[in-house]
């Protein structure tokens, strides 16, 4: 027995295994775990509280209830350890064994395991090739099944009712065939299966099948059959003969007072199983009638089902209080299940929580810890110190002292706490800056003090927030806390590399106030000798004089002065320089570190919040961390002091309502009335009127706001030239301390348009502002949107958290594994330009990335930066100055590292500003960076009327000087002399003087081009414009128009606008009427050249989609360039712009959008093949090769006409592109670019900056899988989805001359990707636990514990950060062990070769669970490396 405890405990140490395998337990395996059979349903005796013998809590099976004491009390105490009492049969040992010993129930009839039956796809069903419905009929005793048809005409696996069975037996004789019912029959069929034979049959069928749908089904079955063969699981183990019973301490029964018991639901479920099982045994012994026995067997099957997974089949079994009982599956599932509640999240000792208050006098690395809390948290350390100092003799005395809080204790607490960091955490911890380390400073009171600058990282405010404190105990933990987690080491945000320790609110206001200039009197000028005029200003020699002048009030903080400011030169020597500045700015300048790279100029300006952030950024880049921290602390103190000294406040008169407001509102009202009139006259539609009204009012609101801002900003001077005080509200808003122009607009401008909860905008705006007060109606209108905002916020938090969870799950195992993967692939980066303005410059996008090619200055041909360099700020500046347009960089997307990313592809660690370290968990950082701002995103989908959204995108302006170049763009000049583009996918490029492309735009069909090809343009020139609301059909030659298949009433109707009475001819959809076969009507316009008759085929045809408005009449003569018809772009007009969180989730989940665009898969000419009832088929015919067909619903507007030439990747039907199509047609880089741009778009609208590389890391994780197109000579099957690594492994195993497998990359959404990771532990702890575990156990999966999550679950250091080094050491150590072991084996074999008989004897135990050497190693460490894990046999062979 001692061996056994030694052995089990040995296994319990987490270091002793390398992988975890999951499989299906055989009945023998279950019996071998068990310490005895449970025969009775009793639990404990209600009077004595002792467990009943042979019951569910039996002490004989599971172990003693009290430590070292048998049940009857004959043997007590340690000395009898290991004795088995002869009276009660209980072994004397620790009671802890009741947590680990299992029992079992021998079933009187086999039952099917519900997981393998009902978890879709049903494994039993796939193996037997039966439908689940039929299987259930057999298992639940409704039908018989023919297991052996013999010579009868019955089919194998045919279902028979009882009557049919009797008939068949009468007809063919009882012994001619065999049929069974229930789990016994299924078990017999499973035992009968010959898996190898089945596999051969399936492979043959796969090779010969002709149908399209068959292969998928065959592959499914084949995979199950193969996984059974490979894993060594036997199919019949899916049918249970023995049910294991988990240890009693894991399903406790606790007596409550009053003689009642609180019990775990599992006990009820087990009791049910035992009762039914015993009843069944008795019935079988009594030879009861078949029907009774069968019913009892069915009930047994149902009770075992409920035990394993209650509610999976049939009714949920409920307890006494009508609550469903929690089955074994429920114990694992969900947030409260074993995985997420106990393995991934645990409660922590040595922790406390309290309210936080601000601590402005703290240094950045400190926090105030209440004495009471510290005393409790550091207790063990205090005891140790008291003992070491010899102050207290015993632990008891030490405890007393601490409880009495004697003064010695406080002194010792001070010693203990010194230099011992504590961790502070504010929930919700959305990113890694939500837990930071500080050095505690003991304070009176009961609240924790927090340094104001770290609030933004914790997202904390002091309105009652609470924070938790944790104490790192071990030396290593303290070291990590100090070196990695100290608040001073987290100055930059990991999401975007910008400082996150930035003053906010009061501090910003104080600094802004300090850095302002205010004119005291009209400036006087002195004329120099050379005639230049210099302003006459007070001059100061140094800071001391300035201080004195301020004290004597001879200057104010804002007076313009000339002063000498000490600067450091390149060698660090001080030198004095003159600056025109103000005393206030000099105070800020005093805080700057003395460094020649940080000149006084950077604070010699008006400092807003953004500017202060830039200053801190520059200080950090040039002078390092220590100086930055000192600087940050200094300006914090300065900011607070001067905000308080300035005494800035505002009253109602500071909100100035502009006088021009009335006039603007009157004008707008006139305009709106005008639009109303136009609508009445039928010149515009209802939708257009709505758009225009909304447009007019939003313009009016902006104008009022602008007038108000001008009024507030304006500087007024009195007669002496003294400037009036600056408006306080403006100061607060402009400095970035509090408030925004939008809020000021509501206070003193006009509130503007409001939205309904549906997201639509109400046409009547709120004209008043808060200063004037709202009318009742206006107030009511505004409550609408406000209430929705509050409801949204609640939903948002949950949604955002779930998105973060999915992101973390998909990317958790993405870690930096090596320095450089040496790949040649790269991504092309260029600036993002939208609507003529640069949104993200090239420099911003490539900062901190590794270059792939040399970057060359186009003008001078010199190399600016060499390939392979990590770009830092100065290099990026040089690149931007040389106006480089495109750079190729390394990216996590193209990295070829195994099981992670390499440092070169990732580039700079944003939170440190240095190259990333090996072991950095970049996946988790990426997930947090994207998920953390999630709560700031909106939840709503915007329904924006066309005008408001699309008026910006109806023209193009040039962003640079250069010449225009049209690519693939045929044009035509109409009779007005305008140049029209006839290209579906033409590009308009602007080329500068050096021949570099400055911008490339795709312009829609029918665009009016402003310039001839090759014309010179200046920055800001208009290049093109188009109508965003309709898609024209333009004639390319002159001729006569003929209507074809345009029949009044069927395909053409005159639509009159109700309000206006103006008629338009609109093509309608033709629905087949009557019985007769519908004529195939293809409404189209044909253009005949003059003098052509209709049957000649040269005519141009234009097919019309339903909803097209005709602009010409039948037989009209038209010129080239005329518009024949307009297809309304209704789709684009009020397309809901899915905004915010839902959009981000949609992109990451790789969902196919609702109206998805159709993309051309190849280049070629368009041909309309034929029409069907609701669809039309069009084909793209390439110059060589096969045509590709598309089926397109007739209601969709097709962007191309017959005969057009399209390029691969062009859109045939506009809409949101489908990411899967982009991947198939245009490849990985295009997809990454698309996802990055789209996701960044959402965040950019909210003003959130996230570095592209985080999105790239997630997209990389979504592209891990490939779909096999050709299995080659490997075991992989075409159509199967496997990890890219798996495909590479399979190919690597092939010999020479064999054909490797090939595959295409597949895009998986984040949820799907998480569920398909190679680690089943990680997948099971994410979602759909039962499904994942069922699948894994069938395949006999091994979890190699590579990712972070699996290691947290089994309780190890994670293989990232400081754990990465340990991990590498473990791997090398185990490799050496394996080598030594192999050597030792060889020696043993040599010795054994002498003695054949000994060898035979040695073989037997080796077939046990572990091979003998691994066993020996596990017992007592082994020859080489102490307790490094014994290598699994396969690994040592590799």
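Heads up, the Cβ atoms here are built off N, Cα and C, so glycines get one too.
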Checklist outcome for this item: Zn(2+) 2 binding in Swiss-Prot involves 821, 902, 905; of 700, 895, the partner in that site is 895
Checklist entry - Here are some binding-site residues: 70, 905. Which one has the most Cβ atoms within 10 Å of its Cβ? => result 905
Checklist entry - Out of 70, 85, 88, 461, 463, which of these binding-site residues is nearest residue 905 (Zn(2+) 2 binding site) by C-alpha distance? => result 461
Checklist outcome for this item: Among the binding-site residues listed as 72, 85, 821, 902, the Cα nearest the Cα of residue 465 (Mg(2+) binding site) belongs to 902
Checklist outcome for this item: Looking only at the binding-site residues 821, 895, 902, residue 70 (Zn(2+) 1 binding site) has its closest CA neighbour at 902
Checklist outcome for this item: Counting other C-beta atoms within 10 angstroms, the emptiest spot among the binding-site residues 72, 88, 895, 902 is 72
Checklist outcome for this item: Same chain, |i - j| six or more, Cβ under 8 Å of residue 461 (Mg(2+) binding site); the result in sequence order is 455
Checklist outcome for this item: If you count the other CB atoms within 10 A of the CB of residue 465 (Mg(2+) binding site), including all protein chains displayed, you should get 16
Item to check | DSSP three-state assignment (helix, strand or coil) for residue 902 (Zn(2+) 2 binding site) | outcome: strand
Next on the checklist: Among all protein chains shown, how many Cβ atoms are found within 10 Å of the Cβ of residue 85 (Zn(2+) 1 binding site), not counting that one?
Outcome noted: 20
Next on the checklist: What's the number of neighbouring CB atoms sitting within 10 A of the CB on residue 821 (Zn(2+) 2 binding site)?
Outcome noted: 19
Checklist entry - Among all the protein chains here, how many other CB atoms are within 10 A of the CB of residue 463 (Mg(2+) binding site)? => result 5
